[in-house]
Amino acid sequence: MEEEDEEILSSSDCDDSSDSYKDDSQDSEGENDNPECEDLAVVSLSSDADRKSKNVKDLLRGNLVVQRQPLLPRVLSVSDGAAVCRKPFKPPCSHGYDSTGQLSRRLSARKRFVPWGSSTPVVVALPTKLEASTNIERDEEEEVVCLPPDIEPLVLWQSEEDGMSNVTTIMVHSVLVKFLRPHQREGVQFMFDCVSGLHGSANINGCILADDMGLGKTLQSITLLYTLLCQGFDGTPMVKKAIIVTPTSLVSNWEAEIKKWVGDRIQLIALCESTRDDVLSGIDSFTRPRSALQVLIISYETFRMHSSKFCQSESCDLLICDEAHRLKNDQTLTNRALASLTCKRRVLLSGTPMQNDLEEFFAMVNFTNPGSLGDAAHFRHYYEAPIICGREPTATEEEKNLAADRSAELSSKVNQFILRRTNALLSNHLPPKIIEVVCCKMTTLQSTLYNHFISSKNLKRALADNAKQTKVLAYITALKKLCNHPKLIYDTIKSGNPGTVGFENCLEFFPAEMFSGRSGAWTGGDGAWVELSGKMHVLSRLLANLRRKTDDRIVLVSNYTQTLDLFAQLCRERRYPFLRLDGSTTISKRQKLVNRLNDPTKDEFAFLLSSKAGGCGLNLIGANRLVLFDPDWNPANDKQAAARVWRDGQKKRVYVYRFLSTGTIEEKVYQRQMSKEGLQKVIQHEQTDNSTRQGNLLSTEDLRDLFSFHGDVRSEIHEKMSCSRCQNDASGTENIEEGNENNVDDNACQIDQEDIGGFAKDAGCFNLLKNSERQVGTPLEEDLGSWGHHFTSKSVPDAILQASAGDEVTFVFTNQVDGKLVPIESNVSPKTVESEEHNRNQPVNKRAFNKPQQRPREPLQPLSLNETTKRVKLSTYKRLHGNSNIDDAQIKMSLQRPNLVSVNHDDDFV
């Protein structure tokens, strides 16, 4: 019956019927009397009647089959119709709604309803953000981007078969390729080969981009993401949905970066600082099968809480994990939640893939390509144990050779899907940089408290009884805080926290001048609190010289918010403008602080940064100096923080200072960092040969000797090196010990020798440098033996540090990194000069006061010259009273500070 229906409703039958109707209508006009035509008309009418009755019967029985044919099929056919249907609708007319402004004006023109008895209209929640559509002509103009003549297209894949009709090449869009540097083009190609399966290995579907900070990992990953969202081997996109997981502080930054590079070409949603309902709604919108959203940007914590929403197999085709060292522990809930994704294409971004040990490195590798290195037990037995054993300073030659063989084998495997380039590549695009490790001796108060702590019975009992690790870590934290400033210990004692064990009865060691005479509260001795810490004293002079002599801005980094509080107090007392970013800073406010520091029109000077909260991903190029005030056990944290200023966009010379307290636990922590940095060679295959083999700087036995103090050395790190270069220049050391710092021996550098970055010439000490004070070539950061070794600050290639070191600096390591970009020289800030001139022209009692409450000082009493009068350093007195131009004779005749501690100095004394 269906065949009969099809025959009845065929196009030929319809044509016949139409012709018959036409003939019938012509016959009705009475012009044609031909009998054959009459017979034909009768037959056609009868056939139409039969067909109609038959169709009615089939319609009643439900067996009618209807066939429809398109009108003008050739005219209305669309090439690539499926791809066109996936695009969002755009009005064909050139004068359509091409901006939100027109639509907003039309909506706002409507009269609002005002209820009876009310003077204001009803507030209706309307969407505040409307998607602006663009016309077709404008979209076509944006798609056509011509490459400069000196830039070649980046073809990621090209078909080797001539018979492939769909796609012959996969290439990076010209809007992105014109911004890629050579190493970034290589990185995009490497990631594409891994995630697309072109690598050749069955168990490799992911990769780790382990470039150093500042090499553009974000841009490389965005380029890969956009290419896979648009192209594929069969003509359809290889990736339909992608998830970018990142720390909370970088969610908005990723959204801004994608908008910056590809604009609105990618439909994305970023879940940042949203309510729970908004997060759930956003995730549902993304995971909906027919959703237009292509990319989801989400934090690690948010993904962990809502991981069950992504259980569908089609919810993610590409996973990008930024700051992927967060996945170093495979037992965490975050790691397990991400590992449960069915997505095999995984791209991990981390500038520090090797952080503490090889076990953490295995966790990252196994997450990227599960099973590529076997299970955890096999890795631990076959790779980790021999490599760690061979790196010990006491290892035998056989153990060292076995470690080298296993390291080379591991390197060859992981380098199939790990790409790492050092920041030496940045030298072609950035100004020169110098890294300075500054060893500062502790003050008398710090040394007294330190010795009291390490000799306390509680500490000895805890170490003898093999106390819990948490208790030992508390002792280590207490010593590190003491190295920063005794004020942190004072606050701990007053608060009664557990960290006070070992500091019993220590309040009597603090000077009485630090407390109020009435209430006994801490007052800081009218600014003299700075001099209770060796590192803080050097920092205060460094800030003063920077503010007075240059227009440079500085970033102050610490692991403790209490230390940031001291930085803030110092800036307030000296009236330095500063910004602060720590864990309490909201996500929306962080980028505003960064923008304010990077704005050259703003009068900002110091940026206080918590290494835990803001050490990753921030671009602080508005500052060109950075101080790491205390070391972290994890070298990745310090490296991340130190890389904030030497990044794309930096125009000035960069100075990175690392402060260490001489002979204390801080030097041991830094040695441990260097040992961990040596593990990076496992993933750098070109450095696994015997000639570049390097072991641990700190043995396991040395690590047990954390609670010791060597206050009589210039640098404990340098003492353990047995540096041959410094032994050859021993005569220079003897001259320094005798106080003759200006003697220059026969080992002084020649004028024609290289000064990397021009730092020594800029500081005026190039012709005075000895061989040991110059670095050997371009050493790595962990190769301290090849750095410049300075027993005196006079030879340090940094004029500001020379003027700020004082007696507290005992030793300095320097490493100069070259840069091809000609730096902009620092100048004296005009605002600073005007402020100083204004202060000089004001009476003493009307000048800017150091105290934040800005109250006048008490009247100064005449000087008493009896035996109990304590000598005061003139420079300290001038600093305390905010006037560097007070006449010395005037001070001697009329001023007295009876409660200040006596300080020896080369100046005249009161």
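Cβ coordinates are placed from backbone N, Cα and C, and glycine is handled just like the others.
Record features, source Swiss-Prot:
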type     : residues                                                       : note
BINDING  : Asp211, Asp212, Met213, Gly214, Leu215, Gly216, Lys217, Thr218 : ATP binding site
COILED   : 396-417                                                        : coiled coil
COMPBIAS : 1-18                                                           : compositional bias 'Acidic residues'
COMPBIAS : 26-39                                                          : compositional bias 'Acidic residues'
DOMAIN   : 198-371                                                        : domain 'Helicase ATP-binding'
DOMAIN   : 538-696                                                        : domain 'Helicase C-terminal'
REGION   : 1-39                                                           : region 'Disordered'
REGION   : 828-861                                                        : region 'Disordered'
MOTIF    : 322-325                                                        : motif 'DEAH box'
If you count the other CB atoms within 10 A of the CB of Leu215 (ATP binding site), including all protein chains displayed, you should get 27
Reduced to three DSSP states, the motif 'DEAH box' (322-325) has 2 helix, 0 strand, 2 coil
Confidence over the domain 'Helicase C-terminal' (538-696), expressed as mean pLDDT on the 0 to 100 scale, is 86
Within 10 Å, the Cβ with the most other Cβ atoms among the binding-site residues Asp211, Asp212 is that of Asp211
For Lys217 (ATP binding site), the three-state DSSP class is helix
